[in-house]
Each structure stands twice: as C-alpha cells, then as structure tokens.
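Lifted from TrEMBL, the feature list:
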COILED    198-227  coiled coil
COMPBIAS  1-18  compositional bias 'Basic and acidic residues'
COMPBIAS  23-34  compositional bias 'Low complexity'
DOMAIN    86-121  domain 'EF-hand'
DOMAIN    122-157  domain 'EF-hand'
REGION    1-49  region 'Disordered'
Amino acid sequence: MASEELARKLERRLRREEAEESGPQLAPLGAPAPESEPPARAPTASADAELSAQLSRRLDINEGAARPRRCRVFNPYTEFPEFSRRLIKDLESMFKLYDAGRDGFIDLMELKLMMEKLGAPQTHLGLKSMIKEVDEDFDGKLSFREFLLIFHKAAAGELQEDSGLMALAKLSEINVALEGVKGAKNFFEAKVQALSSASKFEAELKAEQDERKREDEERRLRQAAFQELKANFST
C-alpha cells in the first residue's frame, strides 16, 4: 500500500539521520579501513516535516481517526463562477433538503435516500464510489463544495455517462437552461459565454437588491393601507 511504502521511506530516512548525528565510528586497530561512501544528500527539515505529516494523516484516515481539516472560507460564487447565483441557491436548497442531519454534509445514508428519491437507487459500493470520486478531504461524505463539484464535472464532461454521479446530475430537477450559464441550451452543453463572471455576478446581485427593495415597498404600502382602514373603522 502507498501508506506502507511511505512509512518505510520515512523509517530509512530517520535511521540515516541518526547515523549521521552519532558521528563516524572508530575502526579497531589492524582492521581494514571501510570503503568511503559518497556523501548522502542531507534532507531538509521542511521535507521531513511534510513527509511525516502526510504519513500521519494517511494512517489516521485509514484508521478512521482523522480530524477534519480547517479549510479557508468557501465562497461558491468565486470558486464556481460558471454557475449563476440563482443556480447555486437552487443547488444549496437541494443540498439542505437531503442533509437530514443538518450538519452541513450528505453522508452515505443520506445519499442513498437522495438517489432513491431521484429514481436511481445505488448499491452500497456504488454509493461509496460516488462519494469517493469527489471526496477531496477523504472524510467519506459530501460537503456543499463537493456537491457543487458533481455538477461542475458533469458540465465539463468529466463524468462517465453511466455513473451514479451523472445520474444524480441529470435527475436533479433544476432547470439549468434558465438558471445556469447564460445562453446554454442545457446543463451538459453549458460553456462559459458572453459576459465576464464578475459583471454577471454584479448584475445578479443588483437584481436581487432591486427585488428586495420592491418587496419592502409593497410591504410598506400594505401596512399603510391597513392602518388607514383601521383608522376608518375606529372613527
């Protein structure tokens, strides 16, 4: 296994370092002088630390004791600029719908329920394979970023046609023709077109702000009308 080979390499390196630190051994009198060996390249401290950290992380993952890494704040709008704000919100609603545990992840059993609801049930091994294909942090479940990655891979043609992830992407009831990349006929033909991502993002954000202002104004008018009606009845 890769972890065992990594462990052997680390052990050999540590032994070599210990031998170098202990200094040369004096040969007994009359004994033939040992043949000189070419000087070994001294490993850097950063390389040793990185190798040790990778080994420890891999062993913890194999034993199921790995702690989730603290990642930087995930911004779906900047990491997936090919998706519109509306599409990301629709995908987020779908993600939350199947996140029964409300922990921000879709685990294997929740994915099983999702695929059954979509009409494409999978075997236990099939579900594990689906998660593994986009599981970037090896925690055995889907984060929202990894969930979006499914649709990104589907749009880029990086999924096999008969795979469980492709079935998930196809059967998700999201009209990407209207909500996705501008001008695309459907999600799987979508390509980045027309305006830059930044200008598109700003336009969508302004539209949301205008819609919110319109709703606030309508609410204010309804309240004013109600107060006027109430005043008429009280006179």
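Quick reminder: no glycine exception, Cβ is built from N, Cα and C everywhere.
Note on the domain 'EF-hand' (86-121): mean pLDDT across this stretch is 93. Across the domain 'EF-hand' (86-121), DSSP classifies residues as 23 helix, 1 strand, 12 coil.
As a summary of secondary structure, the domain 'EF-hand' (122-157) carries 23 helix, 1 strand, 12 coil according to DSSP.
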